[in-house]
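Below is one structure, written out as structure tokens, with a few remarks after it.
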Amino acid sequence: MDLKTAVFNAARDGKLRLLSKLLENKAKDDVVLLMSEKTNGATPLLMAARYGHLDMVDYLLDQCSASVEIGGSVNFDGETIEGAPPLWAASAAGHLKVVRSLLVHGASVNNTTLTNSTPLRAACFDGHLEIVKYLVEHKADLEVANRHGHTCLMISCYKGHKEIAQFLLEKGADVNRKSVKGNTALHDCAESGSLEIMQMLLKYGARMEKDGYGMTPLLSASVTGHTNIVDFLTQNPQTSKNERINALELLGATFVDKKRDLLGALKYWKRAMDMRHSDRTNIVSKPEPQTLIMAYDYAREVNTAEELDNLIADPDEMRMQALLIRERILGPSHPDTSYYIRYRGAVYADSGNFKRCINLWKYALDMQQNNLDPLSPMTASSLLSFAELFSFMLQDRAKGLLGTTVTFDDLMGILCKSVMEIDRAVKQTAPPPDQVQLNKALSIILHLICLLEKVPCSPDQDHFKKQNIYRFLKLHPKGKNNFSPLHLAVDKNTTCVGRYPVCKFPSFQVTAILLECGADVNVRDAEQNSPLHVAALNNHPDIMNLLVKSGAHFDSTNSHNQTACDLLDEKEMAKNLIQPINHTTLQCLAARVIVKHNIQYKQEIPEKLESFVLLHR
């Protein structure tokens, strides 16, 4: 074990005697350097503070001149916090004495993590009241919010820490501050079921505001299923009749899909129905639907107490009611609307009703693409779910275990929607598309193409498929490392796109159809690797031969001056199956000589040949 690791382990484990022995006779500059070096993303002081070793913290600061501010990576409850200063780690872990020591040694009380979380927020999160008080006494700013605009008061409310919330309010915390998404502390109480804190916030002048999705705290409580909050707020005289009705109906939908309590749902729907009909001269009717939705099996919302009573005999109809109610009240842009449509579809798939699942998922996907930004993680998740479902259906069909077939139209429809998502993304210039999400979307498309190759189709369908693949390639999308779709098709890492296996890559079939549809065989990635280079790295001679037959230049070099043949593994059979001499022309040999001897060639030979020589650099 090297000295750096030994020092790190000793600091983490609080072994002061061992640490002092390790640093014995070391030059001061060497010790200071050791204090700033990181193991697994953390300095020795950060680890000592995280685990509450006060004597170690004091020793590192006083004797080793450790920096009191250098942040690093620390783990709390399975989550890695990046850029956490020692004071943040000690505050989060509840080590008051260490917090005192760090502040005495000059730690900045408002120094934040990479997500802009302060030590005060860390203490509020885990309910360390004494540390909260101590930090505030030492000028901690109550109003510094994290990157989501979430304040110390908000997190205290969400986590149900009443005493901390009360202390912050007494110290002047802004009770009506809004997060980036428009949440207030009242929303956090509603989402966590913290009724006592909510009542306290109202005494301090908290207002019932809507968030970015148009959600009031009352609706937030309905979505999360906190009946205590819903009951309290529906009795509030300031809550309108319509708001009460919507809250009770939405709570019923939550009981169906989240709590799986159909009788509980009926109870709240009956209360709402009674409220709708409480004034015979002014019945509050539900809006008439413009169209009935095929994905919901053409269900319509019940309008009378009698219709509601009849639901008890039809659980499936109740589940459709829940989806209809949620979409009406929350609207299509709220994440819960599409989430529970997808959830219901998954339940159908688990019971073998794949057609209902596909219809619901298609409806949810349309909703997401119409309302979310391009390459939203939620949309990508929907597309991936389709790929996984179709893969499962094809496998079970092949084994003779499944009566339902995957149709060309189903698969092709999702491929078209996936290509549309890429089209939306590449047209978005500000901000540019997220490379990780774009790479994932490209990989999903290749998996869908792979699955399509397993489904029989007519000549017209085959033409339509190739038309769409051509349109996809003409968008010239580039994923991580500037990979083109052809690079991804010949890379084994494309296999790992989700939790469940879909298709295996490199894929000869996908490579072949991409080439047939016009993929550039000599396109380069960020390191000037062609698809041939990537195929060589993956030791796939069949695909390499296919690429060469399609015009791939065999001895072109990447930015490390390597040809594809140089990248083949000596231990693999592929090296023996690829014969460079069969693919090397006299023109190639001449270009290599020009490059090797640095012979002037620009403006001496035709422009076409200049680009040819460049391939051999």
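Placed from the backbone N, Cα and C atoms, the Cβ positions cover glycine too.
Listed features, source Swiss-Prot:
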type	residues	note
REPEAT	2-31	repeat 'ANK 1'
REPEAT	40-70	repeat 'ANK 2'
REPEAT	82-111	repeat 'ANK 3'
REPEAT	115-144	repeat 'ANK 4'
REPEAT	148-177	repeat 'ANK 5'
REPEAT	181-210	repeat 'ANK 6'
REPEAT	213-242	repeat 'ANK 7'
REPEAT	245-279	repeat 'TPR 1'
REPEAT	338-371	repeat 'TPR 2'
REPEAT	481-523	repeat 'ANK 8'
REPEAT	527-556	repeat 'ANK 9'
Problem - Beyond the flanks of the repeat 'ANK 2' (40-70) by 6 or more, those residues with Cβ under 8 Å of it - result: 7-8, 10-14, 16, 19-20, 23, 28, 31-32, 34, 80, 82, 84-87, 89-90, 93-95, 97-98, 101-102, 105-108, 111
Exercise for the section: Could you give the residue numbers and ranges of same-chain residues that sit at least 6 residues beyond the repeat 'TPR 1' (245-279) on either side and whose C-beta is under 8 angstroms from one of its C-beta atoms? Expected result: 218-219, 221-225, 227, 230, 233-234, 239, 285-286, 302, 304-305, 308, 311-312, 315, 318-319, 321-323, 325-326, 329-330, 340, 343-344
Fill in the blank from the handout: What DSSP reports for the repeat 'ANK 3' (82-111) is 17 helix, 3 strand, 10 coil
Practice task
Please list, for the repeat 'ANK 1' (2-31), how many residues fall into helix, strand and coil according to DSSP.
Solution key: 22 helix, 0 strand, 8 coil
